[in-house]
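A short write-up of the structure that comes next.
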Amino acid sequence: MTKKPGGPGKNRAINMLKRGLPRVFPLVGVKRVVMSLLDGRGPVRFVLALITFFKFTALAPTKALLGRWRAVEKSVAMKHLTSFKRELGTLIDAVNKRGKKQNKRGGNESSIMWLASLAIVIACAGAMKLSNFQGKLLMTINNTDIADVIVIPTSKGENRCWVRAIDVGYMCEDTITYECPKLAVGNDPEDVDCWCDNQEVYVQYGRCTRTRHSKRSRRSVSVQTHGESSLVNKKEAWLDSTKATRYLMKTENWIIRNPGYAFLAAALGWMLGSNSGQRVVFTILLLLVAPAYSFNCLGMGNRDFIEGASGATWVDLVLEGDSCLTIMANDKPTLDVRMINIEASQLAEVRSYCYHASVTDISTVARCPTTGEAHNEKRADSSYVCKQGFTDRGWGNGCGLFGKGSIDTCAKFSCTSKAIGRTIQPENIKYEVGVFVHGTTTSENHGNYSAQVGASQAAKFTVTPNAPSITLKLGDYGEVTLDCEPRSGLNTEAFYVMTVGSKSFLVHREWFHDLSLPWTSPSSTAWRNRELLMEFEEAHATKQSVVALGSQEGGLHQALAGAIVVEYSSSVKLTSGHLKCRLKMDKLALKGTTYGMCTEKFSFAKNPADTGHGTVVIELTYSGSDGPCKIPIVSVASLNDMTPVGRLVTVNPFVATSSSNSKVLVEMEPPFGDSYIVVGRGDKQINHHWYKAGSTLGKAFSTTLKGAQRLAALGDTAWDFGSIGGVFNSIGKAVHQVFGGAFRTLFGGMSWITQGLMGALLLWMGVNARDRSIALAFLATGGVLVFLATNVHADTGCAIDITRKEMRCGSGIFVHNDVEAWVDRYKYLPETPRSLAKIVHKAHQEGVCGVRSVTRLEHQMWESVRDELNVLLKENAVDLSVVVNKPVGRYRSAPKRLSMTQEKFEMGWKAWGKSILFAPELANSTFVVDGPETKECPDERRAWNSMQIEDFGFGITSTRVWLKIREENTDECDGAIIGTAVKGHVAVHSDLSYWIESRLNDTWKLERAVFGEVKSCTWPETHTLWGDGVEESELIIPHTIAGPRSKHNRREGYKTQNQGPWDENGIVLDFDYCPGTKVTITEDCGKRGPSIRTTTDSGKLITDWCCRSCSLPPLRFRTENGCWYGMEIRPVRHDETTLVRSQVDAFNGEMIDPFSAGPSGDVSGHPGGPSQEVDGQIDDSCGFGGPTCADAWGHHLH
């Protein structure tokens, strides 16, 4: 009886518990067993046997099988594997016995075995070679030898060796040598891939393969990023992506700091666009272009025009790479002066870096524990790099004792690719300059240099530091002389030319020397720091592999992002450089001034062509034969009105030959808009309509931008900021000098009230105009005028008007007026008070107790932000207050510097509002700004000269100047507010503190100097006139208080005024008599000493003064407290106790005046004791028993 499923199994019709095995085909059963074993199921012995089978056949076991192998307990696995080992030993013995029985048989089989053995020996002889290494047998193998046992016959019998290395390739330079230890019977190999059974031998093989490169390390060398080059040049930097980001940040800052201009640009962009998309694009473009007028504009135009004044005899030119200057002066032919090439040759090799190395001939010597230290004989070879270490040794790798054994590995280093650094020497820089006359040039000769030289219309010359002057003969045009002063714009001591592969770069010297790569010097062949491009891998018992790093060329190229790319073969063409030349035109003359006018007809050989520089080139054909004759050509606004407009670039054009149909090229500059080029006279007159796009207003702005660009590019190199001299009022000069010149060029002669009224008039006309485009033009122009008239606008860069004694940084005027009072409209501000507060906190933690201001404007900045800084410090739980004290005397220097930080303090709106109304309480710790030196905060613990000008901004009442923390540690004054110029017989060094004026009267000499305050920075050499070969002892204003190292800072009869009254206020240095006094020159006068006031403590006037060899009128200092004389001028026989002396010593350290006995010397009469005379001054500084005069002060005398 059957039941439904679910009941007990025994009662079912089919009993599942007693069901028999199914009938299965035998092969299917075997397959199932094998598959279960492959899946890791089954008896352990079967699993281990299957794994052993896979090992012997070099097949990869399945993942499941390996998983089961890892899961087997150690004791169980060891038991089965030991039994396998016994079975294998039994099989080996059986084979050995079988071999002996067969040897006894003799006959034909013996002959076959002998031949087989001979073949094996011949094959081994062809593949394996035997030699000696460090007193032991060395076998050299290839990749075919590792498949079988290597048998080496020895005196002790056959030595069988097994090599299981996986890096065996074919023989090449990349070889490795190491020891195969002897393993006793029953010991398994451990941490070795080569072993023998009779005696140890060395194995050597090559590691090269035919399918892939040799093994190399995955590690790379860390190369510090080069960063953006500080050089101003016309070539793009390598992989430079920083400028775009930096410019976007600059645009953002400009919008925030100049909201009025940003609003105006947005309004103009909105009016210019006809739809929303265009308006957005125009607005973005205007906002991106606008900051270019304010700071750090680079990239010069190819051509600049300089129009000279009548009677000019010379002009100073500043030529840049690939630039051209067109010089026009009355009654002189027009000249083109072109910088053709700047080239440096004979570069001296400094150092070579290896960026791709190869490692060959690796050898390892190993020793067992207690057998001594391993020593590789290749250590004696300097081309090898060696490394010693220790490895685990024992029975499994040939040693009788377990422990640490010594190992010594050597590998040969060779450089595959290297980067070479070379230095440029100033005397090897050559400047190639061409001078071309705008004469009667035919179209065939135009651009043909050889033909123009043959016609004496061009000349080319080379300027070097050893040959800076040259006179050029220009035929009938006379001659020109050029006195040049090469200024490469490249500090050759700060840059190297580095060649990496096929590319060369101009790199910073410090970066080059800090590269972490193997290097060698030109005089040596040995590489230093070779281990940087090698990697010693983990040492095994007797073997250690050494690999080389891959090529570091890619890393070097990436690190060089921002460096300037140059072309180098045997010489290097420089793209950063300037040549300042004085072009003397006194012997230059116009040719053809006496020729008559051409009477026949002209025709245009070709249509007039635009040169791209605002000028037009006209090629004319003259049909007459009455040459040479002058060409009647003019540009007019209308054919009904023949009044000339525009100007001729080719002065006095003429036809040079009498042959008919001769062709002549003439260049002229037409006005903006519509005009007519008229050639000829009467009924033979021809004309051509010409339209020049643009406007006078736009031209003023574009030329201003070019001047700003040139000034920014010349910056640190050119002291004259452009072309000065006899053509001070030239167009090019005005462009070079002033950044905000467009507004002043057009409306500078009007008062701001007139400018505002004119703007209002234009706005009114725009509102009432019917034509939409005209209305928009009036509204835009009027809006610009009103806005500019009511704002003080400024840019980085300063211009000097010597006649008006005026210095302009943008339009923020810094005037020295007739009553000799300083009026400034500048306000210094920190980049952000939040970051400055964090910088102060960080400096205080580093032991800086305070700050010394460099100038009065910096002191005023600290005063203005003091309360805000203190609120920020308090809000961020910093127990520190900034205290600003009144400065005493001159602004002194200090040794420390504030350091930059990216962190900022935060402040809420509530605290900010409270800071406007209430000053915060004084904290327990203070950060002192200026004031007298105290024990709590001596000058040794103060910071100084930590800030520099970042940008100029705009304001209603003052020009705002933003300061940022300096990245470098320097004593130089900030060059952003320094202006230097020469005009005629006057030279000026000036900044926002000093006005130093020199005049030429037979010789150049200091005339006067006015000081807003006295500071302690040094005047930068890059902004110094005539600074070659100046001795500091001759500088009247000491260089330690920002006196320029210039020959303009000298006057005959006077030495450095290091003990002048520099701590006084309102100092004016000039050469005249103090009121009510007289000065006589006599040999009986006293020696130099500290400056003395002409009135005593009680106010009594000292009338009689003398000097030994000074020049008259005498040097005097006018201050708020009275009149002082220079150090050479002494009172005649007066009571010393009532004299008021200067207590200043402007020398560094504890130096005493080289021309006097120091502050303690006598001030009248003859000095006592041994003395010497220096330039007519009695000096007894040698009378103190110290060093000799020559030893002590020889470097001050000349």
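Here the Cβ of each residue, glycine as well, is placed from N, Cα and C on the backbone.
From a predicted model like this one, the values you see are computed outputs, not experimental measurements.
Secondary structure from DSSP puts CYS324 (disulfide bond) in a beta strand. Taken from Swiss-Prot, the feature disulfide bond covers CYS297-CYS324 (among others).
In the three-state DSSP scheme, CYS354 (disulfide bond) falls into the strand class. Sequence-distant neighbours of CYS354 (disulfide bond) (same chain, six or more apart, CB under 8 Å from its CB) are CYS415, THR416, SER417, LYS418, ALA419, LEU517, PRO518, TRP519, THR520, TRP527, ARG530, LEU533, listed in sequence order. Residues or ranges marked as disulfide bond in Swiss-Prot: CYS354-CYS415 (among others).
As annotated by Swiss-Prot, disulfide bond applies to CYS354-CYS410 (among others). Cβ contacts within 10 Å of CYS410 (disulfide bond), excluding its own Cβ and spanning all protein chains shown: 24.
Mapped onto three states, the DSSP output places CYS399 (disulfide bond) in coil. Of all Cβ atoms in the protein chains displayed, 22 besides its own lie within 10 Å of the Cβ of CYS399 (disulfide bond). Taken from Swiss-Prot, the feature disulfide bond applies to CYS368-CYS399 (among others).
According to DSSP, CYS410 (disulfide bond) is assigned to a strand segment. For CYS386-CYS410 (among others), the entry in Swiss-Prot reads disulfide bond.
What Swiss-Prot lists as disulfide bond is CYS484-CYS581 (among others). DSSP assigns CYS581 (disulfide bond) to a strand in the three-state reduction.
Within 10 Å of the C-beta of CYS629 (disulfide bond) we count 19 further C-beta atoms, all protein chains included. Residues or ranges marked as disulfide bond by Swiss-Prot on the basis of similarity to another entry: CYS598-CYS629 (among others).
Under the heading disulfide bond, Swiss-Prot lists CYS798-CYS809 (among others), citing similarity to another entry as support.
Look at Swiss-Prot and you will find CYS849-CYS937 (among others) tagged as disulfide bond, backed by similarity to another entry. CYS849 (disulfide bond): 20 other CB atoms within 10 A of its CB, across all protein chains.
Its own atom aside, the Cβ of CYS973 (disulfide bond) has 23 Cβ atoms within 10 angstroms in the protein chains shown. Marked as disulfide bond by Swiss-Prot on the basis of similarity to another entry: CYS973-CYS1017 (among others).
Secondary structure at CYS1085 (disulfide bond), taken from DSSP and collapsed to helix, strand or coil, is coil. Around the Cβ of CYS1085 (disulfide bond), 25 further Cβ atoms fall within 10 Å across all displayed protein chains. Residues or ranges marked as disulfide bond in Swiss-Prot (evidence: similarity to another entry): CYS1085-CYS1106 (among others).
There are 26 other Cβ atoms within 10 Å of the Cβ belonging to CYS1110 (disulfide bond). The disulfide bond annotation in Swiss-Prot covers CYS1107-CYS1110 (among others).
Among the features that Swiss-Prot reports, N-linked glycosylation site is placed at ASN142 (among others), with the record citing similarity to another entry. Cβ-based neighbour count (10 Å, all protein chains) for ASN142 (N-linked glycosylation site) stands at 16. Under the three-state DSSP scheme, ASN142 (N-linked glycosylation site) falls in the coil class.
If you look up Swiss-Prot, you'll see ASN448 (among others) marked as N-linked glycosylation site.
Marked as N-linked glycosylation site by Swiss-Prot: ASN924 (among others). The Cβ of ASN924 (N-linked glycosylation site) lies under 8 Å from the Cβ of ASP879, each of these being in the same chain and 6 or more residues away along the sequence. The secondary structure of ASN924 (N-linked glycosylation site), as reduced to three states from DSSP, is coil rather than helix or strand.
Under 8 Å, Cβ to Cβ, and six or more positions away along its own chain, ASN1001 (N-linked glycosylation site) finds HIS985. In three-state terms derived from DSSP, ASN1001 (N-linked glycosylation site) belongs to an extended strand segment. Taken from Swiss-Prot, the feature N-linked glycosylation site applies to ASN1001 (among others).
For ASN142 (N-linked glycosylation site), the nearest neighbour among the listed disulfide-bonded residues (CYS410, CYS937, CYS1107), judged by C-alpha distance, is CYS410.
For the region 'Interaction with host EXOC1' (2-15), the model gives a mean pLDDT of 47. For the region 'Hydrophobic' (37-72), residue counts in helix, strand and coil come to 24 helix, 0 strand, 12 coil, using DSSP. For the pair CYS629 (disulfide bond) and CYS937 (disulfide bond), the Cα-Cα distance reads 83 Å. Cα-Cα distance from CYS484 (disulfide bond) to CYS1017 (disulfide bond): 30 Å (rounded to the nearest whole number). Its own atom aside, the Cβ of CYS484 (disulfide bond) has 22 Cβ atoms within 10 angstroms in the protein chains shown.
The two recorded residues, CYS386 (disulfide bond) and CYS849 (disulfide bond), have Cα atoms 52 Å apart. Sequence-distant neighbours of CYS598 (disulfide bond): residues of the same chain at least 6 apart with a C-beta under 8 Å from its C-beta are TYR622, GLY624, ASP626, GLY627, CYS629, LYS630, ILE631, PRO632, VAL655, GLY680. For CYS368 (disulfide bond), the nearest neighbour among the listed disulfide-bonded residues (CYS324, CYS410, CYS1085, CYS1106, CYS1107), judged by C-alpha distance, is CYS410. Listed in sequence order, VAL1079, THR1080, ILE1081, THR1082, ASP1084, CYS1085, GLY1086, ILE1129, ARG1130, VAL1132 are the same-chain residues at least 6 apart in sequence whose CB falls under 8 Å from the CB of CYS1106 (disulfide bond).
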